[in-house]
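Feature list (source: TrEMBL):
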TRANSMEM  A:6-26  transmembrane segment
TRANSMEM  A:38-57  transmembrane segment
TRANSMEM  A:63-80  transmembrane segment
TRANSMEM  A:92-112  transmembrane segment
TRANSMEM  A:118-141  transmembrane segment
TRANSMEM  A:162-182  transmembrane segment
TRANSMEM  A:211-231  transmembrane segment
TRANSMEM  A:262-284  transmembrane segment
TRANSMEM  A:296-315  transmembrane segment
């Protein structure tokens with residue numbers, strides 16, 4: 001049991017130890033306010049990264065998610081501010097557009113047997129380009145509902161609160177864990193990532209699963225776009241540039257393998273929080289350049305990949321029967 | 001296990017007149033095959049016999065050109081492995097087609113997980129997995145990833161999955177190829193239990209001992225045609241091998257009168273051996289063997305497909321690392337660490353698949369010929385162009401390689417000439433021991449004879465040769481000594497006047513001597 005969850009346990013341990021170290025250095029750190037902000041600030045990243053986890057589990061990759069977030073914020077701003085749409089209708093339209101976009105990429109990947117890297121790279125340029133076609137400016141969204149939604153929060157004593165984006169993140173997380181481990185779709189994803197040909201021989205619906213996983217990633221990127229526009233109150237075609245790489249980082253730190261078949265949604269969640277924690281630490285410190293975030297995350301990513309490689313070698317280098325499973 | 005109620009009339013699986021051609025080559029030609037309930041039925045044949053085509057056409061991986069397949073009297077035409085499985089025909093391949101990253105339970109139930117309230121019932125899945133596997137005598141942690149278990153265990157899980165998905169007919173395509181003796185015994189226990197439940201099993205293998213250990217009936221294919229179906233107890237080994245090889249055993253020996261001097265030389269071991277192997281072997285590859293090769297001697301390796309011939313020469317050349325025994329060259333014991341060291345010792349190796357492992361198609365004949373010599377000399381000391389041309393021209397003349405000039409890309413030459421250029425590559429290094437794996441495969445009859453003549457001339461010059469060939473007449477024609485292999489084991493060594501086609505065939509078909517685990521031939 002321990003063996004299989006080791007990457008996950010290591011990631012969570014790094015998160016906990018990191019948090020304790022921060023709390024030792026800054027007395028105010030260990031508070032519900034900091035935790036609440038951590039969740040709120042990283043909600044869009046977390047939601048996207050959960051979608052990315054599914055794609056990577058299936059043996060693929062989705063480079064278009066950052067661009068889809070950017071496109072979604074612009075689409076919302078244009079629909080609400082210029083088109084006079086109600087925000088809920090605009091949300092539905094944005095989710096539909098993002099999901100269809102993902103489905104189209106999944107279909108191309110499956111039907112033409114194209115590498116997901118190339119297809120979603122093209123998708124990234126298309127989505128970013130479409131955002132620029134809609135508008136090149138940053139469009140503020142001033143609809144009253146945005147203010148109300150931003151006020152929705154579960155408040156705790158001492159100033160901490162669980163904002164709407166944080167709640168969305170936690171709900172998506174719970175649903176994703178169920179999807180990964182208690183549905184046939186989840187099992188099929190792991191199977192597909194393990195070995196496509198074997199999965200096909202064992203009756204996994206490869207076409208349906210491939211299209212579905214990119215649809216899901218697109219849908220979650222769209223949802224992240226909505227959260228992002230709530231968070232920033234604007235639509236901007238350059239929003240969330242490079243987020244695809246941040247999400248991939250979170251997935252890998254979370255213990256998943258880029259080749260597919262191994263990984264956990266919870267690990268990704270911890271990976272997102274570790275990145276957020278480093279950022280928060282640098283904000284608290286106040287003297288460090290924010291680029292130290294990137295350096296710390298880079299170093300961490302490297303260590304985690306080495307760790308995984310070692311662990312995988314220890315697992316699969318099977319010495320006859322399992323020693324003690 | 002539920003007691004089995006036999007079907008009265010129709011056989012489990014009846015294949016009639018099955019034909020399949022690829023690009024005009026008839027891979028299966030009107031083959032009949034019958035699988036009955038509760039039997040283990042061996043499907044045997046040499047390379048190109050049509051075994052895998054039969055299986056793939058049966059399960060719908062290939063579309064058949066003609067013929068019918070009936071399961072318990074009902075005609076079926078599955079369009080793929082998955083559909084075949086739904087029609088109760090399960091297939092398990094040599095390389096286990098399961099998912100090493102999923103748990104044992106998930107592998108057993110992928111796509112048919114027990115559900116509760118719309119979600120996978122993981123508890124029920126674990127319990128059912130344990131129950132299913134205990135029926136196969138397997139008690140393992142079903143939540144552990146499958147990749148952590150031995151190949152044998154994975155194979156049993158694959159069989160359990162197929163059977164649990166209500167397979168009535170089970171096709172096992174070389175399931176024992178990568179198992180050790182103990183694992184094979186466990187697998188056979190499982191097969192016998194399945195047989196008792198009325199399941200019919202098609203068993204494809206190269207191991208004759210295993211056929212006689214577990215199979216009730218034998219069907220032999222050759223060149224895409226049915227040779228015959230026999231009950232195992234009615235078919236002596238000698239007849240089986242004759243069926244597989246397609247030759248009359250009464251035929252006269254093809255041995256050209258042996259040179260008596262050479263015989264005594266070989267017999268009395270007068271000269272010190274060039275190479276000497278003692279207890280040399282590798283687990284799951286070839287059983288430990290003893291082998292001496294003297295200068296000027298041609299040693300043939302004979303045996304059926306999969307008997308361990310290629311594995312033996314790969315060990316000798318250091319392409320695979322032996323894990324037991326010792327090797328000595330010129331009486332000096334050493335460890336063969338790889339082909340580079342073998343080349344340094346003066347070994348050369350012409351592999352079986354010259355397209356994949358031998359020629360470099362885009363390079364010229366000259367470049368292909370000097371390749372090994374250049375490699376041995378080191379790339380930092382290039383052979384002068386003039387010298388390269390001399391070497392190339394000499395071998396083109398010597399071996400009569402038909403090419404307009406030495407600069408022609410080798411891929412434009414015929415197969416026989418490519419083979420001769422490969423030989424030239426190794427001859428240019430003036431090897432002391434040359435290993436030839438199937439030197440005459442895929443080349444025309446004329447070139448065939450030339451290559452045999454060449455082999456005779458080479459050994460007259462003092463070079464030692466180790467030759468693998470499926471052509472028994474050919475081996476008999478040039479070998480002074482023949483080592484016969486069966487089931488990854490050296491079973492006989494014939495020398496001098498003993499080297500005849502009949503003797504080789506009888507050695508292949510001989511009963512296994514009950515031997516210890518290290519039963520290497522003396």
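Backbone N, Cα and C define each Cβ position, glycine as well.
Beyond the transmembrane segment (A:211-231), the same-chain residues lying 6 or more positions past its ends with a Cβ under 8 Å from any Cβ of the stretch are 40, 43-45, 47-48, 50-52, 54-55, 58, 60, 62, 64-65, 68-73, 75-77, 91, 94-95, 97-103, 105-107, 109-110, 116, 120, 141, 146, 149-150, 164-165, 168-169, 172, 185, 189, 239-240.
When Cβ distances are compared across the two stretches, the transmembrane segment (A:262-284) makes no contact with the transmembrane segment (A:118-141), since fewer than 3 pairs at least 6 residues apart fall below 8 angstroms.
Taking pairs at least six residues apart, the transmembrane segment (A:118-141) and the transmembrane segment (A:296-315) share fewer than three Cβ pairs below 8 Å and do not count as touching. The stretch in closest packing with the transmembrane segment (A:63-80), judged by the count of Cβ pairs under 8 Å and taken from A:38-57, A:92-112, A:162-182, A:296-315, is A:92-112. Residues of the same chain lying 6 or more positions beyond the ends of the transmembrane segment (A:6-26) and with a Cβ under 8 Å from any Cβ of it are 253-255, 262-264, 266-267, 270-271, 273-274, 277-278, 280-281, 284, 300, 304, 307-308, 311.
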